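Pulled from TrEMBL, these are the features on record:
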TRANSMEM  38-56  transmembrane segment
TRANSMEM  87-104  transmembrane segment
TRANSMEM  110-129  transmembrane segment
TRANSMEM  164-184  transmembrane segment
TRANSMEM  388-406  transmembrane segment
TRANSMEM  412-429  transmembrane segment
TRANSMEM  436-456  transmembrane segment
TRANSMEM  462-479  transmembrane segment
TRANSMEM  486-506  transmembrane segment
TRANSMEM  518-535  transmembrane segment
Amino acid sequence: MRNTADPPAAAPAPPGRLSRATAALLARIDIFTPRGAYVARSIAAAALALGVAFLLELETPYSAASTVLLVINPVQGAVIGKGVWRVVGTIAGMLVAFVLMGFFAQKPLLFILGFGFWLGLCVAGMTLLRHFRASGTVVAGYTIGLATYGAMQRPELTFEHVIGRGSTVAIGVLCLSLVSMLFATRGVRMKLEALVARLAASAARAIAVQRGGIAAAPGDDQRLALLAGVYGIDDLLALGKAESEDLAQRAMAVRHGMASLFAALAGGTPPLPADSPGARAIARLQPRLEAAWQAAADALADGPAGTLRALALLGNARLRFRAALNAIVIADPRDEAALLIAGERLCEQIDDYRAALEGLAELQRPRPQRRPAPVRFHRDVRSALENGVRSMCAIVITGVFWIATAWNQGDMMLLVVAPYCALLATAGNPAAGAKALIKGTIAAVPAAFVCAFGILPRIDGFPLLVVALALFWLPGIYATSVPKTALAGLAYLVAFNTLNAATNPFRPDLGLFLNQSVAWVLATFITLLTFQLILPRNLAADTARLRRTIRDDALALLAGRQPAAAGWQQRQQHRIA
């Protein structure tokens, strides 16, 4: 019997409350979400790559897992695009590594100068190229340090080192691509179509509300935000091209539509005096145009049929506007010229927007039909030179420090400085990125120590090895899925894998671990100092240089230069964006 003095038993929680609490707990754990699936795929691919590398008895099997953790991305197109170009870049870097070691194996200073020049050249090329081609170019640059690590002390092993590096990269890319294709979904096509339709509808509404061009309302925040977001279409398109050959065939038409949408947003009537005859005439014609723009924006919500209806609505509105414009007679030739210019600008705006809708229609068709001329982008040669020189200086300074100290792990600093300086070269705030790399590296050192000296010596067999490594990979992979901590997570994963150095047989060496840890941390600080002291990034100066370039290209037209009209306009638009 229960004592009456005992406290009453707690009433059981209702089933509904328990289910809600369980759902909240699962959501907080983040297992059954797209991010959780991404983490699981990444761990599975890294484990598969590590297992294949062990089966092939490669010297550094953990490098295959590191390749996976460098290429991981929630989007399948990014995995395929980055992976393919990483293999291409690695092969190019391997060939250059053979050449440098063949000529300068016994001349470390000349080797470092050659390495620095090649890295600077590749970083400059990365700055001029876009998307995955840029990543492949920079991989070709820093592969020298990865492929020749340890070979300077034993040049006779150069071939084994270089081929081993290429093998681990190929295994990592193939394993991650396989896992991604089997378990990831292809959703870029739908996201791209939705993004283009949303931007097109928002642009139509912004044009309907703001009757003048962008020059008439420079503070129009809505239109400026749309102008800044239009070129996001190209970033998403790059992922889709790698994911789908069908989308790759439509890429030129989609890019042409993107450039046309930017032109429509920036277009419109120039500022006219409010009491001028031209302004009054345009004001009388504007309401019908505004109604057509609003109707076109509403029609885009109906999918492919709505796109065709929007094209027809604006085509008819243009014909009516042109007819009404031709019927207006103004006595003063100057006022008549101003009216004709304003009317022509409005017609051009409609034409540009209809060209943008053609790009959307091409995306929505069952089969690709149009292949317009390629869209031209701005290439910042000055920034490319600065980034290349900075990267070369970083390698030369680090290499001279290595030679001067005769440190047997000094070449590991080259292995770290080269990719970090290259990857941060085009970042908006590279110094902040370098600080994130330092945080990730400092977190990786104790984690690698615990794993290498506390866990791995006490386990036996590949399954237990994967479980042990996965526990340490998990926080880093999760961090890469959050934009704020992505760089720190990347640095953590690469440093942990390299310092832990899971090989078969596994021989932990405390002295080697401490030397490599110091070299890795020191290299991240050298990266930070490089961006703070050597040609530091100045966003204000970059903006001023872009403005000068826009002005100079415009003045060149007045001086008689006759570039291709479409290419000139597209480059100017990209600079503005």
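Cβ coordinates come from backbone N, Cα and C, glycine included.
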- Query: Taking residues 6+ outside the transmembrane segment (87-104), which of them lie with a CB under 8 Å of any CB in it?
  - Reply: 110-111, 114-115, 118, 135-144, 146-148, 151, 155, 158-159, 162-163, 165-166, 169-170, 173
- Could you check if the transmembrane segment (412-429) is in contact with the transmembrane segment (518-535), meaning 3+ Cβ pairs under 8 Å among residue pairs at least 6 apart in sequence? yes
- Closest-packing stretch to the transmembrane segment (110-129), where packing means Cβ pairs under 8 Å, from 38-56, 388-406, 436-456, 486-506: 388-406
- Query: Of the listed stretches 164-184, 388-406, 436-456, 462-479, 486-506, which one has the most C-beta pairs under 8 A with the transmembrane segment (38-56)?
  - Reply: 164-184
- Task: Give residue numbers and ranges for long-range contacts of the transmembrane segment (436-456): same chain, 6 or more residues beyond its ends, CB-CB under 8 A.
- Result: 420, 424, 465, 468-469, 472, 476, 479, 485, 487-496, 499-502, 506, 508, 510, 513, 517, 520-521, 524-525, 527-528
